[in-house]
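Engineer: Can you keep this structure in mind? I'll have questions shortly.
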Amino acid sequence: MADERQAALDKALKKIEKDFGKGSIMRLGDNSNLEVETVPSGSLALDVALGVGGYPRGRIVEIYGPESSGKTTVALHAVAEVQKRGGTAAYIDAENALDPAYATALGVNIDDLLLSQPDTGEQGLQIADALISSGAIDIVVVDSVAALVPRAEIEGEMGDAHVGLQARLMSQALRKLSGTINKTKTIALFINQIREKVGVMFGNPETTPGGRALKFYATVRLEVRRAEQIKDGTDVIGNRTRIKVVKNKVAPPFKRAEVDIMYGQGISQTGELLDMAVEKDIVDKSGSWYSYGEDRIGQGRENAKQYLADHPDMMAEVNQRVRAAYGVGDEEAAATKATETKTDAPKDKDKGKTKAKDKPADVTPGQIELAPDKSAK
């Protein structure tokens with residue numbers, strides 16, 4: 001009986017492969033690439049919170065939060081990390097608000113960044129589809145879902161009712177995009193705003209525009225919120241920002257990362273490194289004093305951050321120990337291997353797809369000392 005069932009299964013598998021092509025069905029264990037390929041987020045703390053060392057390739061990521069919370073900053077750091085590893089990035093600026101000078105300050109190479117400022121939501125999503133389908137793009141950022149206005153609303157009169165148009169647009173687009181995103185290993189990063197649901201008496205009244213489709217299709221959803229202001233005397237020089245992993249299909253969710261977003265500098269590498277080093281007892285905190293080994297590195301967090309920034313050798317040593325403690329890879333080695341992988345990539349019809357052993361760089365997270373938007377979008 002078992003032999004008959006196996007023979008019937010083998011016959012069905014052969015027919016499926018004949019009808020739909022080789023590789024249309026396979027045993028999961030036969031797939032040599034079982035590890036999740038990732039690209040670092042640009043924040044070591046966020047890489048750890050994500051559980052896999054960064055944003056997963058071939059998946060959809062949503063970043064949402066209140067105004068000026070740092071959503072665009074987080075997205076631009078991801079773009080900078082992709083470019084740092086030799087990848088190609090595209091930015092669909094539906095809000096028409098991207099600041100090239102700020103993007104440059106965060107480490108984005110604006111000469112190589114592909115930018116589109118679409119007139120309608122349909123146009124923006126069609127452009128994203130064309131870019132992703134090319135197989136030559138590593139990350140596409142859509143800023144933002146709320147600004148993807150359907151053509152009917154653009155061409156209509158002010159005050160006209162267009163119930164559910166944007167939700168239908170997003171649902172249709174994501175049905176089409178999800179398969180292509182997975183095949184091309186592109187990261188599709190959607191920035192979203194928040195709205196208040198009317199009449200909610202109990203529970204959280206906040207929701208995100210664009211319907212429910214994005215919530216379902218997203219592998220990772222990040223909630224970005226300002227926690228407190230960072231001051232130098234009476235001057236506000238940045239924000240302490242909490243990033244919560246609300247949804248995660250590739251690792252346990254609900255982890256948090258706290259980062260300093262400094263005006264004009266972005267996510268502070270020294271700030272998160274200091275916090276993580278204290279958490280793992282690599283740096284000792286006694287009262288307001290911070291010490292590393294026999295060296296006192298500062299009284300107060302801001303002074304300790306500045307000391308690390310002024311002593312790159314010590315910072316590199318602390319960075320290495322923190323990465324080892326959290327089980328994430330070395331940044332410089334990752335960038336080097338990524339460049340080698342890009343050079344050695346296969347040239348045949350599977351161009352753009354590399355084996356797991358050829359892409360260790362994209363599985364290890366890295367950091368870059370960068371910066372928040374001046375309005376901390």
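Backbone N, Cα and C atoms are what each Cβ position is placed from, and that goes for glycine too.
What Swiss-Prot records for GLY65, PRO66, GLU67, SER68, SER69, GLY70, LYS71, THR72 is ATP binding site, and it gives sequence analysis as the kind of evidence. Annotation comment: Swiss-Prot describes 339-361 as compositional bias 'Basic and acidic residues'. The region 'Disordered' annotation in Swiss-Prot covers 329-377.
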Engineer: Ten-angstrom check, please: count other Cβ atoms within 10 Å of the Cβ of GLY65 (ATP binding site), all chains counted.
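Structural biologist: Step by step: centre on the Cβ of GLY65 (ATP binding site), count other Cβ atoms within 10 Å, giving 25.
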Engineer: How many other Cβ atoms sit within 10 Å of the Cβ of GLU67 (ATP binding site)?
Structural biologist: 11
Engineer: Provide the number of Cβ atoms within 10 Å of the Cβ of LYS71 (ATP binding site), excluding the reference atom itself.
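Structural biologist: Taking every protein chain into account, the count is 27.
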Engineer: Here the binding-site residues are PRO66, GLY70; which one has the lowest number of other Cβ atoms no more than 10 Å from its Cβ?
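Structural biologist: Across PRO66, GLY70, these binding-site residues, the one with fewest Cβ atoms within 10 Å is PRO66.
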Engineer: What count of other C-beta atoms do you get within 10 angstroms of the C-beta of SER69 (ATP binding site), across all chains shown?
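Structural biologist: There are 25 such Cβ atoms around SER69 (ATP binding site).
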Engineer: Mind telling me which of the binding-site residues SER68, THR72 has the densest Cβ neighbourhood, counting other Cβ atoms within 10 Å?
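Structural biologist: It comes out as THR72.
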Engineer: Which of the three DSSP states, helix, strand or coil, fits GLY65 (ATP binding site)?
Structural biologist: coil
